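One structure is given here, and the rest of the page talks about it.
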Amino acid sequence: MATRPLAFSDFMRRCFRPCSERDPSDKAHCPICTEEYDRGIHQAIRIVVQPPAQCNHEFCRHCLEKIFSRRKTQGTANLCPLCRTRWFQAEYQDVSARNQSLENQANNAPLTQDSASRQPATSNEEHLRRPVTVPPSQREARPYIRNSRPFAPVARPHAPSRSHHGQKPTTQFSGGFPFSGGVPFSGGFPFFGTFPFSEGSPFANGFPFSGTSPFGQQAAPVTSAPNTSQQPNGRPTNRRPAPGTSDQPPSKRGIMGGSGSSKKVPSPRPREAELQRRTSALDARERDLAQRELRVERDRQELQRRQREFNAMTEHARAYRRNPDANV
């Protein structure tokens with residue numbers, strides 16, 4: 001029968017044995033960190049496990065503390081790093097085992113006072129929680145009110161019956177509009193009389209203007225004048241000018257709101273200015289090049305002069321070396 005491993009607390013109390021000063025020897029070292037044993041952080045600790053599992057290995061205190069700190073997060077923290085002997089019971093759990101254990105703990109946990117004090121709902125409470133339904137016969141119809149301000153009833157006008165040969169229309173309005181104050185209109189509008197037009201005229205179906213003005217004045221004749229501000233004889237026409245051009249002279253009308261032929265063509269001044277700027281820049285570069293050529297010419301002349309002086313001094317030195325006694 002296999003012996004069950006010890007718990008971690010029992011293992012620390014029974015199998016965790018610090019070594020003496022002479023055991024191990026002076027030159028012994030830890031097999032994990034390869035540091036020599038001392039009396040401090042690297043103190044030698046011997047792990048003695050009882051049969052049937054045999055383990056008698058030595059490690060420093062620092063390495064054992066690191067191994068034991070991972071016993072809940074690493075599955076091999078309860079095994080010897082050298083002989084793989086099981087030292088104590090494993091405390092590591094994978095994710096599924098941990099979730100299962102937490103679920104078992106939650107299921108086996110006793111009921112709290114709050115959950116125990118809860119009682120099932122009575123019949124009265126259940127009756128209150130049920131939704132109340134109203135039969136269709138008991139439902140009360142509510143009037144739909146769109147606006148709180150009432151208006152007078154509006155009657156739709158009858159379709160006008162158009163007459164032929166210049167007769168007046170027979171449009172009738174009954175009931176009146178809300179803004180009319182209930183005044184009925186029948187047989188046409190009162191301020192438009194009967195205007196005689198000849199048969200075939202485009203204004204024979206009741207155009208409101210005729211040769212006689214309804215206000216007792218002679219109306220201007222309707223003519224088909226061209227779309228100009230004035231007639232050739234200088235008299236103004238009845239046609240309105242285009243919007244935005246009534247207070248402007250004809251020269252400005254074409255520029256601001258007129259046709260495309262009278263639009264102001266932009267002058268090519270920016271292009272000319274750009275060409276002039278480039279020309280002036282080229283002239284400045286030419287002057288700069290001319291000045292540089294002058295400086296180069298002066299430097300060349302100075303170099304030639306120095307070359308002549310050097311040649312003269314060299315010839316004088318050669319003559320002196322050939323005849324030192326001569327008065328050179």
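First residue shown is number 1, and so on along the chain.
Cβ atoms here come from the backbone N, Cα and C positions, even for glycine.
Looking at the stretches 29-48, 69-88, 309-328, the one that TrEMBL records under the feature region 'Disordered' is 309-328.
Taking H, G and I as helix, E and B as strand and the rest as coil, DSSP gives the compositional bias 'Basic and acidic residues' (283-301) the counts 19 helix, 0 strand, 0 coil. Residues of the same chain that lie 6+ residues outside the region 'Disordered' (309-328) never bring a C-beta to less than 8 angstroms of a C-beta in it. Break the domain 'RING-type' (30-84) down by DSSP state and the numbers are 9 helix, 11 strand, 35 coil.
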